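Asks: Let me give you the structure first, and then I'll get to my questions.
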Amino acid sequence: MHRLMSRIPLFFFLLCLTNAAVDYYKESDGIDFVPEHSNEWVVRIDEGDEVADLVANELGLENRRKIFDNYYLFINPSVPRRSKRATNDFTNLLTKHEKVSWAEQQQSRNRVKRDFIDKRAQEERVYRSVAFSDPKWSKEWYLKDTRPESSSHLPKLDLHVLPAWAAGYTGKGIKVTILDDGLEWNNSDIMANYDPKASYDLNDNDDDPSPRYDPTNENKHGTRCAGEVAMVANNSICGVGIAYNAKIGGIRMLDGHVTDRVEAEAIAFNHKYVDIYSASWGPNDDGRTVEGPGTLASAAFIKGITEGRNGKGVIYVWASGNGGRRQDNCNCDGYTGSIYTISISSASEHQQSPWYAERCPSTMATTYSSGAYKDQKVTTTDLHDSCTDDHTGTSASAPLAAGIFALVLEANPQLTWRDMQHLVAWTSEYAPLADNHGWTTNGAGFKVNSRFGFGLLNAAALTEAARNWVTVPKQSICQIEPTKFTPQRISAARPLEIDFEVKGCEGENNVVRFLEHVQLYVTISYTRRGALKINITSPHGTRTTLLSERDQDTSTDGFKNWSFMSVHNWGENPKGVWTIKIMDATGDMENLGALEDFRLVLHGTSEAPHRILAGPRVYDENYNTVQNERSEKRQSLESLARQQAMVESNKLASKHDAYGQQDSLDEMNNIPATDSHWFRLLARLNGNWLQ
């Protein structure tokens, strides 16, 4: 009796504690929580998937999926998704069914976090806590927003690398190779991260990728690009690379006679070892060249994406080009226009498209780089064991992206080359660049721009999304060719418009229901190639300019089976009527020619990528950690830039080198050569901005 009585007080004591705890949680937020019932039931059926389907069909429910073991998720489409009342009738029907051992309607439950962490405050602590001994660290404005503390109420205007570092991602275990004019591998801020297995000299055919030194230091390009990726941190030298624990290599291949073979060997060099290749070069950005990979180089790309990284594919990063002042279009560059490369453009520190940037729908994303004459540039290593904060152009943008992708692969080494492109589409930031012209929302809900692709890369969002990323379904390729096509005339007086029905290869093994890349192959004869403009409109009304007018291109060669590529239809279903429009943008009545042949190639998946099952992309704080800093000063800044440009352009000569090596051009302001860019009439057509 004594023992029994001694337990009773303990029981009541625990009961009182439990009641006190319940009362505490009820009152802790000061708001009475009212649970809501959903249209979901969790049902246990022990006889397998087919029986679960039969039970659901019998009761007018939908068997959405097996959760795990023998538990299934059933949906009742006739019941509201949220209701304060339980639907007991269906619960009773389920529990009474002979095949069902248990069923329960799902309802919301209040879950209160047991600590309070303000996301912005936490990020501020990360930014304040990061300090390196490297003397140029303070110059790396694109990694750490360098505005004064009085601007702390404004969104971060950088690539959000610091939060990725804070999460533990520094590129460790990832190998990056720079395809360029050489690599000063014994530079004090590179040597500790140098990887000879990721390096070679294709110009002299030896194992040493060191650049050829001359009085002009013209072969500095590769060393500068490499430093952006993998400068050593906290060694009191120069700056900090984005992937400062990654291994870095270099292929010397631009300082000599560049052939298809040289390019192919560079693109596929040790492709089963290297993870990421970064290239900041391509055909001449003179506004009149149309050129792409040769037969061998094309095969090398395929080798890299099919055999690299144990079949997951290497990541190819390509600078989109510096021909903006000459009205060049990066879709006339077959390297940036390849589906196998991630083409990277630039934005200035003022969130503007720089004067040198090219426009085309094959561009996937953007990082920061130089802009106007007085704008900040990029800090990196330089020849003769030195350092510079004057790296410029899209040359500087591509290696920043390569460094970010190294962090992403560290976060999830199982990502495929297509996974990386999907991640870019789902996480790149539109908001910081929203004040620039040309943004449109495609039929799948993605915001795209021919200047910026899907937007500014966000290292934190990329690495976070990568951690639990589900590999996208296998690639399908659907080719649509016209039957009995006869050449169609094109002239200034007679634009050509072709409507054609696309079924996406429905009913075939290669059906495409969710688009990734769209390629339009054309053969066109024309008396002035640069006068041509080509648009394509998808069944969803997404209108894309595949080719814009190029004033400098006076060639009569036309296009011979040339591919114009676009990522602007990402996620759309291709089924329906597509429209191609080819016109002479100059209005010159003497120009004439014909569309000789065309075909449309659709790349995508037959099954829905896992991420899209949750619905279209939502542009809110879950995917964008910054918002655009709006300002009425933009128009006045543009006006001032135009005035300054007229002065500066008369002072400075230009010279061409690899992307970012147009040193004289980089001394100009962040504007095109003509005022037409600034006074282009904006209008809306079918809900899309005219570009």
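Placed from the backbone N, Cα and C atoms, the Cβ positions cover glycine too.
Computed from a predicted structure; not experimentally measured.
So TrEMBL has the following annotated:
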type	residues	note
SIGNAL	1-20	signal peptide
ACT_SITE	Asp180	active site, charge relay system
REGION	199-222	region 'Disordered'
COMPBIAS	209-221	compositional bias 'Basic and acidic residues'
ACT_SITE	His221	active site, charge relay system
ACT_SITE	Ser395	active site, charge relay system
DOMAIN	471-608	domain 'P/Homo B'
Asks: With a Cβ cut-off under 8 Å, give me the same-chain residues at least six positions beyond the ends of the compositional bias 'Basic and acidic residues' (209-221) that come close to it.
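Replies: Cβ under 8 Å, 6 or more out: 180-186, 199-201, 249-252, 254-255, 280, 382-384, 395, 657-658, 660-661.
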Asks: For Asp180 (active site, charge relay system), which DSSP three-state class applies?
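Replies: Going by the DSSP assignment, Asp180 (active site, charge relay system) falls within a strand, counted as strand.
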Asks: DSSP-wise, what's the residue breakdown of the region 'Disordered' (199-222) into helix, strand and coil?
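Replies: Looking at the region 'Disordered' (199-222) with DSSP, the answer is 5 helix, 3 strand, 16 coil.
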Asks: Just give the helix, strand and coil counts over the domain 'P/Homo B' (471-608), going by DSSP.
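Replies: Summed over the domain 'P/Homo B' (471-608), the classes give 3 helix, 72 strand, 63 coil.
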Asks: For Ser395 (active site, charge relay system), what is the tally of other C-beta atoms lying within 10 angstroms of its C-beta?
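Replies: Total other Cβ atoms inside 10 Å, all chains included: 32.
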Asks: Please report the distance from the Cα of Ser395 (active site, charge relay system) to the Cα of His221 (active site, charge relay system), rounded to the nearest angstrom.
Replies: 8
Asks: Could you state the whole-number distance in Å separating the C-alpha atoms of His221 (active site, charge relay system) and Asp180 (active site, charge relay system)?
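Replies: Roughly 7 Å, rounded to the nearest whole number.
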Asks: Could you check the active-site residues Asp180, His221 and say which one's CB has the fewest neighbouring CB atoms inside 10 Å?
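Replies: Fewest other Cβ atoms within 10 Å, among the active-site residues Asp180, His221, is found for His221.
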